[in-house]
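Q: Quick one: the structure is below, questions incoming.
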Amino acid sequence: MANSVRDYEKLAVDIINAVGGKKNIIKASRCATRLRLVLKETTNQAKENVSGLTGVITVVENGGQFQVIIGTHVGKVFDKVASELNLDSNAIEEDAPKTSILNRIIATMSAVFAPFIYILAAAGILQGCLILINMVNPSFSSTGTYEVLSFMSWAPFTFLPIFIAITASKHFKCNMFIAVACCAALVSPTWAEIASRIAAGESIRFLGISLAETTYTSSVLPPLFLVWILSYVERFVDKKLPEVIKALFTPFICMVVMVPLTILVIGPLSDSLATGIANGYNYLFNS
């Protein structure tokens with residue numbers, strides 16, 4: 001039933017009750033228009049109950065998920081669902097059903113990129129507008145107005161690892177600020193300058209290991225793998241440290257481990273993987 005809804009908190013509670021209550025929900029996430037639930041047990045009655053709620057467009061079951069299509073205001077509903085389910089609790093994830101690797105990859109990509117896809121689209125529209133203006137008035141590209149609008153349009157793509165850090169940290173359930181700090185180091189101007197020196201032939205080492213010239217602005221796989229591995233490192237460190245020093249030393253240890261690990265191993269390997277995928281695609285396209 002696609003009727004409009006204003007009481008998002010009530011809709012969230014109604015959805016939880018309709019699918020069998022909090023105990024039947026293993027995990028909850030969202031994309032741009034859908035509330036995605038992983039349920040212990042799914043019934044046709046639950047699907048009918050949720051589909052009939054005011055504010056719900058329809059319900060789709062896909063990839064082991066019970067997807068409630070709500071619309072662009074799904075974020076407001078999800079906030080209440082998250083509050084009701086206490087999504088920061090580690091117990092929610094423990095009994096998650098096993099799904100195929102492909103479905104898990106698709107679910108991860110959706111959870112990571114869907115929340116900010118409209119930001120990238122908006123930046124792309126701005127770039128398109130600048131191209132059209134330059135076609136009509138070529139001299140516009142030499143103005144300060146063009147320079148300001150141009151760097152605005154490229155900023156979301158340049159700092160894409162930061163966006164990925166935010167959404168991936170929620171998906172992999174690790175500290176968002178630690179993830180952002182690690183990914184911010186990857187797009188630091190200082191690292192870009194170091195990488196350019198390496199590309200120019202200078203040998204720079206970290207703990208005796210030669211650094212690669214990989215840069216991470218606009219990158220996708222390196223920050224994604226970084227946050228994924230960080231989720232395990234953070235949980236391990238958090239369990240081992242005494243309570244009194246966790247708040248300070250968990251982020252310290254995670255940053256000291258993850259940033260060097262990324263620039264030494266994760267970054268170069270994921271960059272090679274991305275290059276291989278691109279080359280394979282080009283080969284198939286040109287064949």
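Heads up, the Cβ atoms here are built off N, Cα and C, so glycines get one too.
Caution: TrEMBL annotation is automatic and unverified by curators.
As listed in TrEMBL for this protein:
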ACT_SITE  C31  active site, phosphocysteine intermediate
DOMAIN    9-91  domain 'PTS EIIB type-1'
DOMAIN    107-287  domain 'PTS EIIC type-1'
TRANSMEM  112-136  transmembrane segment
TRANSMEM  148-168  transmembrane segment
TRANSMEM  175-194  transmembrane segment
TRANSMEM  214-233  transmembrane segment
TRANSMEM  245-266  transmembrane segment
Q: Please indicate, using numbers and ranges, the residues of the same chain that are 6 or more beyond the transmembrane segment (245-266) and have a C-beta under 8 Å from a C-beta there.
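A: Counting only partners 6 or more residues beyond its ends, the transmembrane segment (245-266) has Cβ contacts under 8 Å with 175, 177-178, 181-182, 185-186, 191, 206-207, 209, 211-212, 214, 222, 225-226, 229-230, 233-234, 237-238.
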Q: Have a look around C31 (active site, phosphocysteine intermediate) and count the other CB atoms within 10 A of its CB, chains all included.
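A: Step by step: centre on the Cβ of C31 (active site, phosphocysteine intermediate), count other Cβ atoms within 10 Å, giving 19.
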Q: Could you give me the DSSP helix, strand and coil counts for the domain 'PTS EIIB type-1' (9-91)?
A: 34 helix, 22 strand, 27 coil
